Amino acid sequence: MKTILAIETSCDETAVAIVNSDKQVLANEILSQVEHKKCGGVIPEIASRAHMKHLSGLIKSAMEKSNLNFCDLDAIAATSGPGLIGGLIIGTMMAKAIAHVTQKPFIAVNHLEAHALVVRLLYEVEFPFLVLLISGGHCQFLIAQDVGKYIKLGETLDDSLGEAFDKVAKTLGLSYPGGPLIEELAKKGDGMRFKLPRAMIKRSGCDLSFSGIKTAVKNLAREFVMSEQDVCDMCASFQECISDILLDRVRNAIGIAVSLNIKINDFVITGGVAANNFLKERLKKHIDLNVLSPPSNLCTDNAVMVGWTGIERLQRSYVDSLDFAPRPKWELEKYY
């Protein structure tokens, strides 16, 4: 059995977890930085300072809760990209320091791969499988062929989906982060009321675009003073629009997999926006694959997914040098 200490500091969550190869989570510590809420978005400098302030304490807490000593660990893993460079440096340097002192292997984890692989901690998912990764910073379709081996089928050409949710929420006078609020208000709204553009729909490929939808909401919001019901209707219409676009793109992704003679049984929806139950249920209803998603606490950024990815990589002897430099941009299909 292998056991890994994992660190996640790529954005505004400071997180530490201890995970083993028996699929046990021995500790899961996470601190979300509430300072960003009043700023309406993530401020990199604030995020970096918070990581520096809290990371050591979270590591200490995780070790105490797991009843382990550093000598009991088999490796140290950290998210080393993509993400905000300040946070990546802090988390990666801490992991390297622990690895050096304890003489344990260091594993640099790609944040996107961690989102893609965490379902294998929870379910029996075999390679290859289709991935829709939707988060605050990324939106892309992938075929996961193996650990470290991915085919990117398409991605957003402008805003990420999480960014679109947050900007629409801001337009409607809602607080940050906007995703959970939009989903909640949409339950009381009429999703057919406002006609929003379905960008890229019916086109070939799997690329996406959300800037036009964001602009359409802004233009409609300028036309009249919105009541509470108007806001609910707009939230519902926005979600309907997004679900139509994703459904169209998923069908194209399945078609591409077939054309490549890659047999897909599982479709994984992951990333922070995958916490949106409306979108997941809509896709499950219309896609003839085994549709899986992590629970909400493992959709948003966390160290459990980093630890599990570290386990997957350690089992294949994929370890990294202490000279490894954090990568603010690090595409999955260019993993090595």
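Just so you know, glycine gets a Cβ as well, placed from its N, Cα and C.
The structure displayed is predicted, hence computed values, not measured ones.
In Swiss-Prot, the Fe cation site is described by His111, His115, and among Asp288, Asp301, Asp320 the residue recorded at this site is Asp301.
Asn276 is the residue from Asn261, Asn265, Asn276 that Swiss-Prot records in the substrate site together with Leu133, Ile134, Ser135, Gly136, Gly137, Asp166, Gly179. Cα of Asp301 (Fe cation binding site) to Cα of Ser135 (substrate binding site): a distance of 9 Å.
Of all Cα pairs drawn from Leu133, Ile134, Ser135, Gly136, Gly137, Asp166, Gly179, Asn276, which the record names as binding substrate, the longest spans 17 Å. Apart from the site residues His111, His115, Asp301, the chain places the Cβ of Glu8, Ser10, Thr79, Leu112, Ala114, Ser135, Gly271, Asn302, Met305, Val306 no farther than 8 Å from the centroid of the site's Cβ atoms, the recorded Fe cation location. Within the same chain, residues at least 6 positions away in sequence whose Cβ sits under 8 Å from that of His115 (Fe cation binding site) are Leu133, Ser135, Thr270, Gly271, Met305. Looking only at the binding-site residues Gly137, Gly179, the densest Cβ neighbourhood within 10 Å occurs at Gly179.
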